[in-house]
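> What Swiss-Prot records for this protein is below:
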- R53: L-glutamate binding site (BINDING)
- W117, T167, D190, Q213, N255, T256: pyridoxal 5'-phosphate binding site (BINDING)
- K214: N6-(pyridoxal phosphate)lysine (MOD_RES)
Amino acid sequence: MNQADRALQASQARVYNFSAGPAVLPTEVLEQAREEMLSWQGSGMSVMEMSHRGREFESIMAQAFADLRELLAVPDNYEILFLQGGAIAENAIVPLNLMRRLSLDAPKADYVVTGTWSVKSQQEARKYGEVNIAASSEAERFHRIPDVSAWKLSDDAAYVHLCTNETIVGVEYQETPDIGQAHGRVVVADVSSHILSRPVDWNGYAVLYGGAQKNIGPAGLTIVIARKDLLGHAHPLCPSAFNWRLVAENGSMYNTPPTYAIYVAGLVFQWIKRQGGVEALETRNIVKAKMLYDFIDASGFYRNDIHPSCRSRMNVPFFLNDESRNEAFLAQARAQGLVQLKGHKSVGGMRASIYNAMPLEGVEALVDFMREFERTAA
């Protein structure tokens, strides 16, 4: 192999990407997107060039809707919306669509605060009405989720908001809180970083939303799944493009949708179906997370501070007991093809995001590296 061939091979090498988002995509999906880049299914056009109202893209959109509904077993009385703006925008869009549902004069919502993203959600919601913090684990540095029995929920709240997987601190609800439809409450959840990693109990949730760039596809697409009877309560000042009822009535084409992001998300949905569906991925995700947490817990060199009852399967933060070795850890990991392991700046340490598309081999490679780094650092 000559130098040019080696350079070409190196440029084509794939690393194990542990980024929290935008994040790893299935190799099969990337290969299919590459094959169809110049001409989607013989159309002579890239998906990026298509009119969103042309029959080619309409078929892509319809298939994506159908596959997502099938994968999550979304009931018929829920609407699936493809939007833009990410979960950050939904922090405003949710209260603009729901907070006046029970009272036009005194809009109110309950928020459960379990990490950085739910902090941001409640801060934004305060612009549109009263926010009651029903529970918070901030005093415990977000190392656990408050017990549901201690939540102080309001009788007059239009909805209860949760972030069911906190990407930064690494906590995840392992069970659906029993506060939803059976109790007459509307529960809204930000599921950005673990959507499609486990089945959904629709008795527990009225609205799910999330950015696609963590566990579905590229940045640019936001997914909202909302019970149909909740559409139509938007604030008069809610932008039309973010009014869920208008978006639903226009088939998520009130404005030009993020066409290529929807196309790639659709490829991911089909990939998940080939893997055996969400249930099969959940089993795989449990194995991956257990492997990494078990190694960390058995080590005297690394630690994870999250209570075992609510550790995230998707985002695993960990710390070196000797933080002076952090930069060496990251540099040596990168040399081994293990990238994007630096923890969020607000937390520090390391973080391995092991979403659906991260293969078991990637977690095995990370554990092997961590074991060797610990050995040589001793």
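Here the Cβ of each residue, glycine as well, is placed from N, Cα and C on the backbone.
Could you tell me the structural context for the features on the list?
Contacts of R53 (L-glutamate binding site) defined by a Cβ separation under 8 A and a same-chain sequence distance of 6+ are given as M253, in order along the sequence. In three-state terms derived from DSSP, R53 (L-glutamate binding site) belongs to neither a helical nor a strand segment and is classed as coil.
Under the DSSP three-state reduction, D190 (pyridoxal 5'-phosphate binding site) is assigned to strand.
DSSP classifies K214 (N6-(pyridoxal phosphate)lysine) as coil under the three-state reduction. Taking the Cβ of K214 (N6-(pyridoxal phosphate)lysine) as reference, residues of its chain lying under 8 Å away and at least six apart in sequence are, in sequence order, A20, G21, P22, A23, T167, S192, S193, M314, S353, Y355.
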> For W117 (pyridoxal 5'-phosphate binding site), which residues in the same chain are close in space, meaning a Cβ under 8 Å from its Cβ, but six or more apart along the sequence?
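Sequence-distant Cβ neighbours: A87, C163, E166, T167, I168, D190, S192.
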> Look at the binding-site residues N255, T256 and tell me which residue has the greatest number of other C-beta atoms within 10 angstroms of its C-beta.
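When each Cβ's neighbours within 10 Å are tallied, N255 leads.
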> Can you tell me how spread out the pyridoxal 5'-phosphate site is, meaning the largest CA to CA distance among W117, T167, D190, Q213, N255, T256, in Å?
30
> Taking DSSP as the reference, which of helix, strand or coil describes N255 (pyridoxal 5'-phosphate binding site)?
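The residue in question, N255 (pyridoxal 5'-phosphate binding site), is coil (DSSP, three-state).
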> Tell me which residues of the chain lie with their Cβ under 8 angstroms from that of Q213 (pyridoxal 5'-phosphate binding site), as long as they are six or more apart in sequence?
G21, P22, A23, G86, A219, G220, L221
